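Straight from TrEMBL, the features:
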{"type": "DOMAIN", "residues": "6-379", "note": "domain 'Major facilitator superfamily (MFS) profile'"}
{"type": "REGION", "residues": "389-409", "note": "region 'Disordered'"}
{"type": "TRANSMEM", "residues": "12-30", "note": "transmembrane segment"}
{"type": "TRANSMEM", "residues": "50-69", "note": "transmembrane segment"}
{"type": "TRANSMEM", "residues": "76-93", "note": "transmembrane segment"}
{"type": "TRANSMEM", "residues": "99-118", "note": "transmembrane segment"}
{"type": "TRANSMEM", "residues": "139-157", "note": "transmembrane segment"}
{"type": "TRANSMEM", "residues": "163-185", "note": "transmembrane segment"}
{"type": "TRANSMEM", "residues": "205-224", "note": "transmembrane segment"}
{"type": "TRANSMEM", "residues": "236-256", "note": "transmembrane segment"}
{"type": "TRANSMEM", "residues": "268-290", "note": "transmembrane segment"}
{"type": "TRANSMEM", "residues": "296-319", "note": "transmembrane segment"}
{"type": "TRANSMEM", "residues": "331-354", "note": "transmembrane segment"}
{"type": "TRANSMEM", "residues": "360-379", "note": "transmembrane segment"}
Amino acid sequence: MSPDRRLTRARLGILSTFALAGALCAVWTVRMPALKQKLDLTDAQLGLEVLGWGIGALITMTLAARIIGRHGSKRVLRLALPATACCLALVGLAPNYALLIVAGLAFGLCFGLVDVAMNTQASTVERAYGRPLMGGMHAGWSLGAVTGGLLGAATAWLGFGFTGALCLFAVIGLPLTLAVGPLYLAETREEAEERARSPRPRLPLLVYLFGALVFCSYLTEGSIADWSGVYLRDSLGAAETVAALGYPMFEASMFLGRMCADRITTRLGARTVILVAGTFAAAAFTLVALAPTPLFALAGFALVGIGVCAVTPLAMSLAGAAGGAHTERAIAAASTFGYSGLLLGPVVIGFISAAVSLRFGYAVVIGVCVAIALGANFVPRGRHIEDRGSHGDALGRSGDPGVRREVTV
């Protein structure tokens, strides 16, 4: 197989992985109101259920760099992605709150590995091409989330309960997760041995800065994913079918924005993109918090998606480039920061909702978006991906990308 074709297959494989991961998560999030009704949960209990998911992801993310460094992102993805689909069914089948927490923890354990491994694989492919691609990769997530969210809304319209919807998606998703496995780009034995022999230096401070940006972005995304349906139904009086549209609209605008994000980043630079993104997202979330009707809130969720669409993929790309030879360590660190936001955000909003109101909880997220804009001041100027001209130039003798080539930040 030619080097160019191998890279093209790998790009398709990792794009499909982002889409599948987004779809598997979306059906759960859009059916949160049905879960709340099924087990008669309070907002605080629903927040703690999300906490179990986040804790599971954080546990494996702390180990992901070592696991991926030993086995490679391809092997990890081929095992962890199908396992995530299986755990989705367990979440749907949980008959009580205690088992729901356990199933959510198991889902998070698997998904934490998937998240780090797919971003590591995407960073490797991106650097082999020699131009920004991470925005397009994350557009795959948004496309999957929109598709999964709309299908989840359709299951609500058709009368499927929470259990039926999740089990249906697990049955459909499992063979697809197995089918994309052969497309991933494998690391050569020489590259693995060289990386094993190389020292493990302390990661640059910039990696943690980019992780903080992912933290804020994930917190913003998580607040919409986990609470938009409840906000639309309970605070604004929307029907469940309408309430299920909040997250898909957010992800649809994320998808459209991410399709353009790589070109905009190439033209304007990462610093400017993050500054504008944070400012726009703060204004959009103000509309959400002040929305008098479901229509205004839905418009606000869509605008927030446009605002934050580039932050996570760009911060992941920056972290991967800054990590140099240890891409998986840098991605794991940034992902761990991000999932801390995904873990803390919905839980905090749940308790704020219980103590004050969900509308006030959403108002707090405005400050998080402002923090993204302020964080742009610490992003280095200039290009962060080395231009290689033809992506075939980035391939070694075996046709695999040279993941340890130097990339400027």
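Every residue gets a Cβ built from N, Cα and C, even glycine.
Nobody curates TrEMBL annotations by hand; they come from automatic prediction.
By the Cβ criterion (distance under 8 Å, sequence gap of 6 or more), the transmembrane segment (50-69) is counted as touching the transmembrane segment (99-118), at least 3 such pairs being found. Here the transmembrane segment (76-93) has long-range neighbours at 17, 20-21, 24, 27-28, 64, 67-68, 100, 103-104, 106-107, 109-111, 113-114, 117-118, 121, 162-167, 169-171, 173-174, 177-178, 180-181, 184, meaning same-chain residues at least 6 beyond its ends whose C-beta is under 8 angstroms from one of its own.
The stretches the transmembrane segment (139-157) and the transmembrane segment (99-118) do not meet in space: the count of Cβ pairs below 8 angstroms, excluding pairs fewer than 6 apart in sequence, stays at fewer than three. Here the listed stretches are 99-118, 163-185, 205-224, 268-290, 296-319, and the one with the most C-beta pairs under 8 angstroms to the transmembrane segment (12-30) is 163-185. Predicted-model confidence for the domain 'Major facilitator superfamily (MFS) profile' (6-379) is 87, expressed as mean pLDDT.
Take the transmembrane segment (205-224) and the stretches 268-290, 296-319, 360-379: counting Cβ pairs under 8 Å, 296-319 has the most.
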